[in-house]
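Got a structure for you, questions after.
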Amino acid sequence: MASGGGNYRNVTHRNSLKGTTTTAAAVATDRPLSVNSNPSKPALKNKSLSTVGGASSGPRKSCPGSLGGGGTAKDDAGVPGRVRVAVRLRPRNAEESVADADFADCVELQPEFKRLKLRRNNWDTDTYEFDEVLTEFASQKRVYEVVAKPVVESVLDGYNGTVMAYGQTGTGKTYTIGRLGEEDTADRGIIVRAMEDILADVSLETDSVSVSFLQLYMESLHDLLDPTNDNISIVEDPKSGDVSLPGATLVEIRDQQSFLELLRLGEAHRYAANTRLNTESSRSHALLMVHVKRSVKGRDLDHSSQNGNTTNMAKTLRPTLIRKAKLVIVDLAGSERIDKSGSEAHTLEEAKSINLSLSALGKCINALAENSAHVPVRDSKLTRLLRDSFGGTARTSLVITIGPSPRHRGETASTIMFGQRAMKVENMLKLKEEFDYKSLSRKLDIQLDQLIMEHERKQKAFEDEIERLTMYAQNQISEAEQNYANAMEKERLKYQKEYMESIKKLEEKWMMNQQKQGERKDQMASTADEVAELKRLHNKEISLRKAAEEEVNNLKTLFAATYFAYRLLSHTAILPLSRHQQILRS
Ligand SMILES: Nc1ncnc2c1ncn2[C@@H]1O[C@H](COP(=O)(O)OP(=O)(O)OP(=O)(O)O)[C@@H](O)[C@H]1O
């Protein structure tokens, strides 16, 4: 972070009174801008004024891009929009009230004719016409309404916009642009009022507002929201010419209170110094960039839907049209004559750097006003940052601030000429619309997740139902089985009982039969015994007979043998046969 003569605003306390005296001497070489070489030449721009009046001054309805279906992303041509310039006169300060007590103001304002007369001397004046002429009595509210409000409304409609304050040091640029109005809300400057209007108009559900706050100090771009970030690079899109600062802190704003806190933080980091012309002179150009992103509602974008062809699905898949607009509010550091401001050492370096960048801006505006083929945009970072504001696509409103002191007539003239040239610059306003494919993709992702969840929920419900039905069926089956088993058991018991009874009966019958049979058997047994006895007797008889027959046979054999022997022996004495028979019988 650069240091030296410059102080942070939280170090140098802001004092609304000018305590310094200035010298009347003017050194032309320190002038940041080349003034009209022929100041007597009428500087009225009636043609341009009438051309632009409607486009720039009107409320949002008059904004060309907001008309009907015009100004879509495809509308590359844009609509012309001249840079509007208002002049604001600061009241005499305490020092001037004393020092210039005997002198008339160097300017005379005719707000009703939107004219400013710059005194050349006691007899001659040069007359200039501006879009708005704001006297020293103009309220902050009125200044906002005529200078910034049309631009803010244009930004809300999707166009880039710039509000810038230019003027000699100590003439009220910061007062006009940056007053927070903490003690008295009537003092609120353009920045605070612009954000109030923006926040009141956007829907925080569908739109977004984010800000970066920067200072261009000694040709390096510092982040006022993060002082460690002191060399932010400027990136230019070669095709569209869009300027972006990817390194800058971007803070989303959701309410005015947090925005005011952010402004306080940024202001505290801004370089300021006590110079002869301003006790708290801004030593840097401050840029507040407000990015407004809005989704386009109400207008049906798909013409097919007008024919009734669009399905719900097609509607869902249609990306939202979004408008991205950037409002740049610039509080330039004051142009100053180094001899008058009393800049020394580091403050001198700062003053040179300020004047150099303001001079580069003046050159660009001259080139644009004269339709030069070459516009030296790249000569300074300030002009690079503001390339869309002058000769670009933004609606630009400039407030030039002047003081009343005749001692600073030269600087006042220079400022007036800067304003007059700026009024000649014609921008080509373009609506910044694009389809929000990112959020469509996010939306589809969410829808997909929801569908998956819904499917899973249905699947689960289906599975639960199946399980429930299965359980029910199983219960029914088991109940039927149980009933069947019970019935079977009952049947079985019945049959068993019947069977047992029939068995019993059979047994009884059998018993009876048995009994009967037993009786019969007994009978049969005795018969059989008898038979057996008889058989035994018979057999015995047979065996006795057999034995008898064998005996007989034996006897016969014996008899025969005996008889034979006898016969042999008794050749002589034969026994009578009867004897033999007796023997046999015995
Ligand atoms: N319209 C006004 N009514 C009352 N006081 C004003 C008005 N304009 C400026 N002042 C006072 O004049 C002083 C200088 O104003 P301011 O700091 O805004 O000037 P500046 O142009 O921003 O200066 P620098 O370029 O040095 O930063 C401040 O004290 C401020 O309160």
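The backbone N, Cα and C atoms fix where each Cβ goes, and this holds for glycine too.
A TrEMBL annotation is a machine prediction, not a hand-curated record.
As annotated in TrEMBL:
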type	residues	note
REGION	1-78	region 'Disordered'
COMPBIAS	20-29	compositional bias 'Low complexity'
DOMAIN	82-425	domain 'Kinesin motor'
BINDING	G167, Q168, T169, G170, T171, G172, K173, T174	ATP binding site
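Walk me through the surroundings of each of these features.
Q168 (ATP binding site): 28 other CB atoms within 10 A of its CB, across all protein chains.
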Minimum Cβ neighbour count within 10 Å among the binding-site residues G167, G170, G172: which residue?
G172
To see if you understand the setup: which same-chain residues, six or more apart in sequence, place their Cβ under 8 Å from that of T171 (ATP binding site)?
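Counting only residues 6 or more apart in sequence, the Cβ neighbours of T171 (ATP binding site) under 8 Å are R90, G334, T401, I402, G403, T415.
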